[in-house]
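According to TrEMBL, the protein carries these features:
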TRANSMEM  B:12-38  transmembrane segment
DOMAIN    B:61-266  domain 'ABC transmembrane type-1'
TRANSMEM  B:65-87  transmembrane segment
TRANSMEM  B:94-118  transmembrane segment
TRANSMEM  B:148-171  transmembrane segment
TRANSMEM  B:192-218  transmembrane segment
TRANSMEM  B:248-269  transmembrane segment
Amino acid sequence: MTRQTPTPNAAFGSIDISSVSKSYGDAEVLSEVSLSIPAGSFLTLLGPSGCGKTTLLRLIAGFIAPTRGSIQIDGRTMTQVPTQKRPIGMVFQNLALFPHFSVAENIAYGLKLRGTSQAETQARVAKFIQLVGLDGLGDRRIAQLSGGQKQRVALARSLVLEPSILLLDEPLSALDLQLRKQLQFALKDIQKQLRTTFVFVTHDQEEATMISDRIVVMSNGHVQQVGTPQEIYSDPQNLFVSKFIGEVNELPGRVRSAGQTLAVETGAGTFELPPGVARGPSPAAGDNVTICLRPEKITMLGDTAPAPGIVTAQAQVIDTLVIGPLTRITLDAQGTRMTSIQMTDALGPVTGRVTPGATVRIGFPADAARVFAPLTADLATAFGDHA
Amino acid sequence: MNTGERPTLAKGLMLLPALIVLGLFFTSVILLFSNAFVDRGGFSLKYFEQILARPDYHVVFYRTVLTSIIVALLAVLLAYPISLLLWRSEKHRNMLLIVVLVPWLVSLVVRTYGWIILLGPKGFVNAFLGWVGVIDTPLKLMFNDTGIIIGLTHVLIPFAVISILASLLSIEENLEEASRVLGAGRWQTFRTIVFPLSLPGVFTSLMVIYLACIGAIVTPLLLGGITEKFVGSQIYQEVMATFNMSKAAAWSICLLSLSFVSLVLLKFIERRALRGQE
Amino acid sequence: MAKMTPLMKTIGIVLLLLLPAPIFIVFGASFNGTGYIQFPPESWSLRWYVDAFTDPRWGRAVLTSLWIAAVVATLITAISFLAAYFTLRYAPRISGWLELAIFSPLFFPHASMGVAAVALMAGMGIVGTPIAIILAHLMVTIPFSYRPIHVALKSVDPDLIRAAEVMGASELRALWDIILPICRSGILTSLLFTGIISFDEVTVTMFLIGPDITTLPVQIFTFIQDDASPVLAAISTLSVVITFLAILLLERVAGLSFFVQRQSS
């Protein structure tokens with residue numbers, strides 16, 4: 001399901017991808033992808049390995065040519081433009097730093113190719129060494145740097161040329177968690193300062209949520225959804241996106257009736273939901289569907305009658321786990337495993353009853369649920385790879 | 001795979017066979033020196049004086065070194081495109097590698113024999129040219145420096161191909177693409193990234209080929225004949241024809257010092273060329 | 001990966017094909033019916049092969065070279081394995097020194113090495129015996145055997161050995177069950193590579209032959225000098241075929257990646 005965005009953005013650094021497909025022999029790794037990336041945005045291509053995100057990045061860079069469709073940068077079609085003439089920079093997964101150059105030489109390389117004067121080269125190299133926080137390391141050899149420092153050299157090397165677009169191919173994947181977090185903030189910060197369009201590829205949904213303005217969720221060569229991190233999380237458009245982003249409770253079931261309300265029969269009970277919670281093709285009676293619920297939407301109910309719009313069910317507490325401010329409750333609703341995550345404080349009044357073995361009444365706002373058609377076979381396998 | 005255990009003496013015996021082989025090698029080197037420097041029970045430079053006093057021997061040294069330098073440069077130059085071809089053709093690399101390995105590992109004598117058939121006065125090239133009518137009298141392709149250079153270069157190209165290819169293959173992924181994104185064209189990328197990073201293989205080739213050349217016996221003897229002497233063919237004659245072991249040993253030590261001096265020189269050049277490349 | 005320009009590709013292919021050309025010439029000459037190499041060839045025949053197989057000197061030389069190659073390859077592989085295993089596992093501190101000693105023959109010009117070998121073998125009074133040839137070949141092949149084995153052993157995770165021994169394996173058992181299978185391709189590379197080198201060695205060997213023993217390449221060398229009969233082409237073809245088969249076998253059982261690995265010096 002691709003989303004058409006007809007108006008091309010004319011500012012520097014905009015990318016318009018129209019109906020791009022890429023095949024190798026019989027295998028189609030990208031099919032009919034259309035995407036508009038506004039100038040100055042921080043956009044992330046997110047998806048499991050093999051979803052086509054890196055292929056899309058390499059198409060934008062011009063390392064490979066699309067089988068069908070075209071890519072425009074700043075309104076100009078790139079089909080005949082070789083990589084070295086495109087207004088792009090790129091940070092590679094393995095960083096691809098030149099091992100026979102020093103830090104400063106790596107950063108100066110592109111300027112030299114452009115015939116920049118020595119004085120200006122020096123000044124700009126110095127400026128970008130500072131920008132990425134590598135002061136004093138200009139003469140170091142690449143082999144003498146730590147992982148995070150190499151990362152910064154790769155970034156400076158691309159940014160010093162002031163490209164209107166920077167492509168980043170999982171550049172943080174080799175780093176340990178702490179360094180990764182640190183560099184995520186640094187990246188976001190630098191992007192805000194320079195207003196360069198960043199196109200970032202990752203398979204890590206948490207990383208994508210942290211740094212991007214917009215996320216493109218991809219799978220099996222298709223764009224599944226485009227939106228802000230918030231939209232992607234709270235309103236996923238299909239089961240794949242819902243499963244891929246964040247934690248989710250899945251209640252497989254069958255539609256009993258569709259109309260004024262959508263009644264879905266699941267192992268945990270039959271739930272009456274407003275028809276607006278369904279995404280994708282509207283479900284009809286008899287269809288197999290999956291109800292998805294974020295864990296934080298499932299609350300423990302007291303003895304009082306539930307507020308209007310709250311759907312309830314009976315469940316047994318299997319286990320509780322207090323993780324600082326949050327408590328994670330594992331439940332069993334007539335054979336269906338569910339997870340609820342609650343603020344520990346908010347559980348106060350009912351804590352006494354939420355103990356392993358106890359039977360509790362749980363509830364969730366009917367409009368917080370999402371109802372999706374089952375995964376198509378190809379998406380299911382893409383998922384199998386990831387999980 | 002060091003497990004941090006202390007070795008016992010019995011386990012140390014595992015090293016013994018290798019030490020025996022190495023011991024034999026170093027003993028042979030000592031014997032080489034004693035043969036060359038000892039005459040009638042005392043230290044003597046007699047054999048070296050005999051060699052260094054002869055101007056025609058100077059020519060032999062001169063020819064050997066010059067030919068070896070030419071062959072080393074020529075072999076690397078001709079090997080480079082082959083290495084590039086193998087590097088680029090990921091799919092067929094194994095098959096192409098066999099095409100390189102077979103000529104490398106087939107006996108030197110056989111490969112040189114092939115050149116005799118090709119270059120000899122009654123050989124393939126002369127027969128062909130005569131048949132076509134280009135020449136009346138056979139060209140002298142053998143028993144001169146040309147023959148030696150052709151033969152040695154051909155014999156040693158495969159090694160250069162393999163060692164340059166090894167360097168090319170160790171170039172990290174995406175470096176070329178990175179260079180292109182930064183604005184370099186195909187030729188600039190080759191000149192500034194690929195070629196400098198292949199230099200370790202180039203220098204290894206130069207060194208090994210040069211060494212193999214100055215110590216060669218078979219090819220110079222067969223393609224150069226008796227008149228165009230190489231240090232190797234001279235040594236062969238001292239041992240096999242005049243049975244003068246001491247003089248042969250003296251020649252060998254001259255050869256050894258020659259290779260040592262050249263290696264130090266080449267290492268120095270390499271250091272300068274690869275400055276900062278680690 | 002970037003593509004080559006058609007021009008560079010053509011140059012590369014032409015040069016590549018020139019490498020085995022002299023071997024094909026020898027191959028063609030071996031089927032030439034007339035007395036010596038002739039162009040264009042007037043007739044084809046197998047007579048040189050018949051001559052080669054009926055002359056007992058050639059049969060003897062081939063067999064000698066083959067059994068010497070087998071003995072040398074087995075011995076040197078065992079010797080290198082023991083030395084590499086001991087140093088890597090128990091004495092990593094001497095590893096650098098040992099390598100220096102083992103690789104030093106590589107920096108010796110072959111002609112000098114030949115003379116040194118005669119000096120040694122003459123001193124022991126064994127010139128002209130198989131022992132002399134075998135010992136010389138051990139000295140020549142040790143670097144080529146040690147390197148693939150050393151590389152293979154170095155890649156073995158010491159925790160694997162500890163794990164096996166914690167589970168009750170004796171050192172010998174761990175060696176047999178864990179280390180040897182992991183190092184399989186390094187060991188096979190050493191066996192076949194040194195076998196090929198020994199089978200084709202001539203520069204050092206030619207100083208050590210005697211009336212009772214000679215190897216195939218040395219005999220070819222002697223015959224070229226005496227009279228270059230096309231029998232040589234037939235026998236050379238045979239030697240090429242043996243080497244070629246050994247290389248194919250090497251590719252099959254161990255792969256060729258060893259040859260293009262960058263030496264970590």
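Using the three backbone atoms N, Cα and C, a Cβ is placed for every residue, glycine included.
Sequence-distant contacts of the transmembrane segment (B:12-38) (same chain, six or more residues past either end, CB-CB distance under 8 Å): 44-45, 47-48, 245-246, 248-250, 252-253.
Within its own chain, the transmembrane segment (B:148-171) has Cβ neighbours under 8 Å at 67-68, 70-72, 74-76, 78-80, 82-84, 86-87, 100-101, 103-104, 108, 111-112, 115, 119, 141, 193-194, 197-202, 204-205, 208-209, 212-213, 216, 219-220, 222-224, 228, 230, counting only residues six or more beyond its boundaries. Note on the transmembrane segment (B:248-269): residues 32-33, 35-36, 47-48, 50-51, 61, 64-65, 203, 206-207, 210-211, 214-215, 231-232, 234-235, 238-239 of its chain, located 6 or more positions outside it, place their CB under 8 angstroms from a CB of the stretch. Cβ atoms under 8 Å from those of the transmembrane segment (B:192-218) belong to residues 64-65, 67-69, 71-73, 75-76, 79-80, 83, 108-109, 112, 152, 156, 159-160, 163-168, 170-171, 175-176, 179, 184, 230-233, 235-236, 255, 258-259, 262-263, 266-267, 269-270, 273-274, 277 of the same chain, restricted to positions at least 6 beyond its ends.
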